[in-house]
Every structure is written in structure tokens, then in C-alpha cells.
Amino acid sequence: MHLYQTRNTVWVDAAAQIFFSLGPGFGVLLALSSYNPFTNNCYRDAIVTSLVNCLTSFMSGFVIFTVLGYMAEKRNVNVEDVARDKGPSLLFITYPEAIANMTGSTFFAIIFFVMMITLGLDSTFGGLEAIITAVMDEYPGYLANRRELFVLGLVVVCFLGSLSTLTNGGAYVVKLLEEFGVGSSIIAVGFLEAIAVSWFYGITRFSNDIKSMLGYSPGLFWKVCWVAISPAFLAYIIVSSLLKPPPLQLFDYKYPDWSITVGYVIGASSFMWIPIYMVYKLVWTPGSLKQRLAVCLRPERTIMPEIHTDSLNMSPVP
């Protein structure tokens, strides 16, 4: 049983890492791709990005485990014991300690922490741009001349929300967010997106969209992945991660039991708005239950009417 849970933890962490590396489910890719021309070759972009990500992760493994192996040899412990220093301790204690023993340690220390700053800024730009683009597209008339004020307000809110991580107990807040704020929650968002597109929007409509953009339809392999394999795999990871809550302990401090409940609330807060809006839309749509379901499950509008004739004239279904 312990081995089963360990393997599930590895799969959840691996899937979460892929989501962080490639960015599905965060809205960043949707925001950035909205600036592309309609006929942009998104298939090529997806393949190239995935290959570059895999090669980068593969090469990074040599650097990471070289440092971990060196620290394990120096401490006279196993590599897995060094790797247990997850989160802030691995980043701000273990790696700086290894860099301090290198030749030219000052130079490499500067490069390392400059890299960390640029990575943080880059991640912040992408996440903020996803929110900014979504809200600006939803309310263009109201925010068209107020973009700067909206961005300023959003940055201030994010700044105030992150102040808790800068206190004396900030490392413990980061640990709580690391265990519950990401991982299963972002995988759940990806799962909901997958079934929304492949099941409810329809794989046929989606294939027609791709054909209108690229000139050819996706193959059977991709359709099977979108309809069955990806949703099933993501659902398995989500259920497996919920079978046993992650152990909450940082250094010698063991988190209280109520913190697990707080963690689940934090994790659910990132995707619960999707089912909440689904219920809201279903309740406030006029008509009988059958009519409301038919209207809510039908695409609302299209920029190319010749592709989706069924998305127009959404009169209630008798």
C-alpha cells in the first residue's frame, strides 16, 4: 500500500511539473495565443514547444543530480536524503551550499540568483497577462481606456496577497501552498478543459476548427487522446492524489490537522469557479431543464459562421 501511494505521489508530482513547464490549465497559453493570426500553425508550435521542454528538462536533470550527488557525498548520506529538502530549503540552502564550494563560487552565485529573479519575473508576467487579457476581452468597453489602472490594481492585490510569505513563518505558508495550492488543482482545471472541449464542445467541431486554421484535420491518434486517454489519465491522477493527503511537515515542525482542511480549500479555490459558473448559467437560463441544458451546451457564438452553423440562432429547443 505504501509503495502504491508513493508511485501515485510520483505521478502527481510529474504531471504537475509538466503542467508548470508547458503551461496548460493556467490560461497563459490561451492569452498569448490570442495574439496569433488565425492561420498560425499551432500544431507545429505545440510539437516544437513540447520537444524543447523535454530536452531542457533532460539536460537540467544532469545539472540537478550532479549537485545532489556532490552534496550527498559531502554529507555522507544517500541522494534521496538530500532530495528530501524540498521547497525553499533545497533552493535557498542546499544549492547555495553546493555553489559555495565551487571554483568561482561568487560568479556562479550571482548567476544563480539572477536566474531565480528572472524566472520569478517571467512567471509573474505570464500569469498576470492571462488575467489581464481575459478580463480585457470580456469587458472591452469598460476597461479599454483604463488598462493601466486595472493592471495597477491587479498588481497591488497580488502584492498584498503575497506578503504572508515574507513573514517569519513565510516558509511554512509556502510549504502549504506548494502541497495544496498547485498539483491536483491545476490538473483538475486541465481535466475540466479536456472534457469541455472534447465531450461538450465536440471533437467534430474542434477538428473543423483546426482544419479551418491549418488546412487539414487532426489524425485519429489525437482525437482518441483528447476524448479518452487524456481525461482518463488526468482523472486517475486526481483521484489518486485525493486518497491520501500529503504529509505536512517542514523541518521539525509538523502542521496541525486543521491545516489540511485549509490546504484543500486553497486548492479548490482555483478551479471551483468553473462548476460554480456552470450551475449559475444553468439556473439563470430561461426555459425548462431540457431547454436550459440544450442552450448551455451549445456554443454561444462563432467568428466563422460557415464552420459552425449549429452555434447560431440559439432559440430554445422544444
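Every residue, even glycine, has its Cβ placed from backbone N, Cα and C.
Among the candidates Ser21, Ser33, Ser162, Ser164, the residue that TrEMBL names alongside Asn53, Leu119, Asp122, Ser123 for the Na(+) site is Ser21. Within the same chain, residues 8, 11-12, 15, 184, 187-188, 190-191, 194-195, 197-199, 203, 206-207 sit at least 6 positions outside the transmembrane segment (220-238) and bring their C-beta atoms closer than 8 Å to a C-beta of that stretch. Outside the transmembrane segment (14-35), and at least 6 residues removed from its termini, the chain residues within Cβ reach (under 8 Å) are 42, 49-50, 53, 57, 126-127, 129-134, 137, 182-184, 186-187, 189-190, 193, 234, 237. For Asn53 (Na(+) binding site), the same-chain residues 6+ apart in sequence whose C-beta sits under 8 angstroms from its C-beta are Ser21, Leu22.
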